[in-house]
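> Questions regarding the structure given below will be posed in turn.
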Amino acid sequence: MDPQGIVKAFPKRKKSHADLSSKALAKIPKREVGEARGWLSSLRAHIMPAGIGRARAELFEKQIIHHGGQVCSAQAPGVTHIVVDEDMDYERALRLLRLPQLPPGAQLVKSTWLSLCLQEGRLTDTEGFSLPMPKRSLDEPQPSKSGQDASAPGTQRDLPRTTLSLSPPHTRAVSPPPTAEKPSRTQAQLSSEDETSDGEGPQVSSADLQALITGHYPTPPEEDGGPDPAPEALDKWVCAQPSSQKATNYNLHITEKLEVLAKAYSVQGDKWRALGYAKAINALKSFHKPVSSYQEACSIPGIGKRMAEKVMEILESGHLRKLDHISDSVPVLELFSNIWGAGTKTAQMWYHQGFRNLEDLQSLGSLTAQQAIGLKHYDDFLDRMPREEAAEIEQTVRISAQAFNPGLLCVACGSYRRGKMTCGDVDVLITHPDGRSHRGIFSCLLDSLRQQGFLTDDLVSQEENGQQQKYLGVCRLPGPGKRHRRLDIIVVPYCEFACALLYFTGSAHFNRSMRALAKTKGMSLSEHALSAAVVRNSQGVKVGPGQVLPTPTEKDVFKHLGLPYREPAERDW
């Protein structure tokens with residue numbers, strides 16, 4: 001999305017029901033701990049942050065304690081209420097809590113119930129706020145007296161949504177689709193990795209990953225089958241498909257509005273909603289024709305009932321009302337989060353400190369050295385450079401490196417190697433085929449580039465990553481009108497060159513798909529190596545390193561994974 005697009009998307013924000021709880025909270029008089037009221041003394045609650053957000057969850061916890069209640073874990077004896085986001089579903093809540101069923105006497109309630117209690121100053125009835133149980137679970141004993149009523153059609157009350165939120169007010173949105181509607185999601189327990197990890201992360205299943213990228217959940221493997229996916233199953237993986245075969249987006253008029261919301265939740269740090277929207281967006285982009293009905297939307301893997309309602313609202317009215325209720329903070333948070341070195345948490349901190357524009361931040365804000373550089377070159381960093389400029393930057397680094405040793409290999413990776421016409425930054429990978437001569441080149445090269453005036457600012461002078469050395473900085477080509485550009489220089493041993501080349505070429509989606517596929521084969525893929533016979537625990541976390549496989553070229557990585565080789569231009573997912 002255009003960095004300025006979200007600012008244009010939210011010129012004004014209408015009052016929403018979510019504002020009511022903020023006003024209600026403002027009316028609650030501050031008291032000393034010893035003076036805390038006891039009207040929540042019978043409440044022993046656990047607040048689940050997923051969807052609610054950590055900052056808002058902590059605010060809930062403070063108010064519970066302030067009014068005499070107790071905060072505990074979901075597994076604690078005597079827990080009475082487990083408070084979840086109002087768009088959470090029953091099975092997903094249990095899965096995130098890692099509970100086979102609710103503890104005896106506990107109720108699973110929506111956060112709007114707690115907001116209403118705090119607004120009215122009393123414990124209100126949970127009817128209409130309890131999460132409905134899946135039909136197959138109704139024969140199991142459940143402590144919530146309203147569970148069956150809530151699951152019956154038409155019995156939930158349509159109450160005003162009230163939320164207890166920090167400034168900026170937390171906006172309501174659709175969560176990732178309920179797993180009860182997609183049985184195949186529960187079959188895959190293998191997890192994909194975060195882009196910056198070593199390839200081991202238990203948060204997102206490979207099934208979720210494929211739906212996120214292609215809109216299609218994988219076919220569950222046969223119970224007696226081997227670990228290797230069948231050829232037809234491989235076709236479902238992004239890494240097995242050329243990006244040139246991306247499906248035509250027949251639902252652009254829907255996805256462009258959902259993308260605005262996804263971006264809004266992302267800059268607010270609400271990763272669960274952002275992920276839910278991302279999965280739905282990619283599912284819609286991959287659908288083979290324009291969506292025309294609610295039933296058709298519900299039939300698409302990755303689209304839940306609530307998301308289908310949003311799709312129909314856009315189809316029927318050409319608009320999505322949620323866009324009118326996004327917090328005023330969103331364009332400011334995006335403005336701040338575009339500063340290099342500032343993530344969503346830092347952007348939120350600056351917003352809460354009262355900053356609303358870059359000028360105020362520059363004159364009054366407390367910035368790290370890296371953030372100050374990012375702010376100084378704010379416009380240059382956001383401006384994508386033409387491919388020809390990226391080639392000049394690579395050539396400058398290569399000439400300087402080969403002046404020390406002509407045998408050094410220097411390759412520009414990222415979007416440049418994938419053949420894109422514009423690039424956000426330049427990543428130059430350096431190695432030597434003899435496996436030794438790359439040593440010592442790192443510092444000499446940086447000194448040379450600084451003396452030439454090519455490097456203007458250092459963001460991270462040296463980042464050690466195993467045997468790899470990485471420099472993150474700013475460069476500028478000589479000549480009038482040249483802009484400052486982001487440049488990363490990575491020196492790697494030749495034994496890791498192929499995996500590093502694959503990793504730094506990307507795209508990020510393609511890499512995640514490769515690593516998730518490796519996991520299904522009992523392997524582990526990172527920027528350092530491809531390993532086989534990797535030992536993992538029941539949660540999918542790697543507990544044994546396995547055996548490093550020989551990968552002299554990228555083609556060997558694909559071959560070990562049973563994939564056809566994809567040229568860099570075919571990896572642009």
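Cβ from N, Cα, C; glycine included.
Found this in Swiss-Prot, in case it helps:
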type: ACT_SITE; residues: Lys310; note: active site, schiff-base intermediate with DNA
type: BINDING; residues: Arg384, Ser415, Tyr416, Arg417, Arg418, Gly424, Asp425, Val426, Asp427, Asn511; note: dCTP binding site
type: BINDING; residues: Asp425, Asp427, Asp488; note: Mn(2+) binding site
type: DOMAIN; residues: 35-131; note: domain 'BRCT'
type: REGION; residues: 126-204; note: region 'Disordered'
type: REGION; residues: 214-233; note: region 'Disordered'
type: REGION; residues: 263-277; note: region 'DNA-binding'
type: REGION; residues: 343-346; note: region 'DNA-binding'
type: REGION; residues: 418-427; note: region 'Involved in primer binding'
type: REGION; residues: 464-503; note: region 'DNA-binding'
> Using a 10 Å cut-off on Cβ-Cβ distances across all protein chains shown, tell me which of the recorded positions (Lys310, Arg384, Arg418) has the largest neighbour count.
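Within the set of recorded positions, the most crowded position is Lys310.
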> Are there recorded positions among Lys310, Arg384, Tyr416, Arg418 that sit within 10 Å of Asp488 (Mn(2+) binding site), Cα to Cα? If so, list them; otherwise say none.
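For Asp488 (Mn(2+) binding site), the recorded positions whose Cα atoms are within 10 Å come to none.
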> Using a 10 Å radius around each Cβ and all protein chains in view, which of these binding-site residues has the most neighbours: Asp425, Asp427, Asp488?
Asp427
> Write down the Cα-Cα distance for Arg418 (dCTP binding site) and the residue listed as 'active site, schiff-base intermediate with DNA', rounded and given in Å.
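Counting only the Cα atoms, the answer is 35 Å.
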> Residues of the same chain, at least six outside the region 'DNA-binding' (464-503), with any C-beta under 8 angstroms of its C-beta?
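Residues 340, 373, 377, 380-381, 383, 385, 389, 392-393, 396-397, 409, 411, 413, 424-435, 438, 441-442, 445-446, 449, 453-458, 511, 514, 525-530, 551-554, 556-557 contact the region 'DNA-binding' (464-503) from elsewhere in the chain.
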> Is Lys310 (active site, schiff-base intermediate with DNA) helix, strand or coil when read with DSSP?
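Assignment for Lys310 (active site, schiff-base intermediate with DNA) reads helix.
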> What is the total of other Cβ atoms whose distance to the Cβ of Tyr416 (dCTP binding site) is within 10 Å?
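The answer is 26 other Cβ atoms.
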> Quick check: with Asp425, Asp427, Asp488 left out, which same-chain residues have Cβ atoms within 8 Å of the centroid of the Mn(2+) site Cβ atoms?
Cys413, Gly414, Val426, Val428, Leu472, Arg486, Leu487, Phe504
> Hey, what's the widest CA-to-CA gap across Arg384, Ser415, Tyr416, Arg417, Arg418, Gly424, Asp425, Val426, Asp427, Asn511, the dCTP contacts in the record, in Å?
22
> May I have the DSSP-based helix, strand and coil counts for the residues of the region 'DNA-binding' (263-277)?
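Looking at the region 'DNA-binding' (263-277) with DSSP, the answer is 12 helix, 0 strand, 3 coil.
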> According to DSSP, how is the domain 'BRCT' (35-131) divided among helix, strand and coil residues?
32 helix, 15 strand, 50 coil
